[in-house]
Amino acid sequence: MKLLHVDGSILGPHSVSRTVSAAIVDRLRAQHPDLDVAYRDLAQTPLPHLSGAVLAGAQPNATNAPDVQHDVDLGRQALDEFLAADVVVIGAPLYNFTLSSQLKAWIDRILVAGVTFRYGPSGAEGLAGGKRVIAVVSRGGLYGPGTPAAAAEHAETYLRTVLAFIGITAPEIIVAEGIALGPEARERALAGALDAAAALKAA
């Protein structure tokens, strides 16, 4: 079984989403000793944001300048990693009400018409169903249902929308929120998220 582990936090060892996503991978590795894990650290090795040149350069039979071809190849590598994975674990912090730009750049490389989705007579159809996706969403404040800031949460909601669009309709999402509200709140949020990670079922 192949697992793709993607981290979008820029906070390194201080990151809650990284801590919990690593715990998830450890949990699944313990259940599946032969697990083949690919790791993509989007802070250490960010993908370039999409450009018009790259979109054109990704078309069949395109002739590209070396720098454009390098960018196209990076996107294809990210897409191939995603397509090959049976399980995808994503560390997704909430920055300024949405995902980190590094994680968004990765998403832009895996949402590819004709590969992970297509348009038909009835609209969009996801082509990447069948994968298990587990995401950790960390939030400094309180954005859960019923909170005053719930409508401003565009990390978990965006992830659910994007994943459903490509056919992954039942992602497992672990939320750690309130981590910026003081040391005790952070510890409670982290402990709860780690408990949820430890309780994940085998794939």
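Cβ coordinates are placed from backbone N, Cα and C, and glycine is handled just like the others.
Taken from Swiss-Prot, the feature FMN binding site covers Ser9, Ser15, Val16, Ser17, Ser138, Arg139, Gly140, Gly141, and the record attributes it to sequence analysis.
According to DSSP, Ser17 (FMN binding site) sits within a helical segment. Within 10 Å of its Cβ, the residue among the binding-site residues Ser9, Ser15 with the fewest other Cβ atoms is Ser15. Scoring each of the binding-site residues (Ser138, Gly140) by how many neighbouring Cβ atoms lie within 10 Å, the top position goes to Ser138. Of all the binding-site residues listed (Val16, Ser17, Arg139, Gly141), Ser17 sits in the most crowded Cβ setting, with the most other Cβ atoms within 10 Å. Max Cα-Cα distance over the annotated FMN binders (Ser9, Ser15, Val16, Ser17, Ser138, Arg139, Gly140, Gly141) is 16 Å. In the three-state DSSP reading, Gly140 (FMN binding site) counts as coil.
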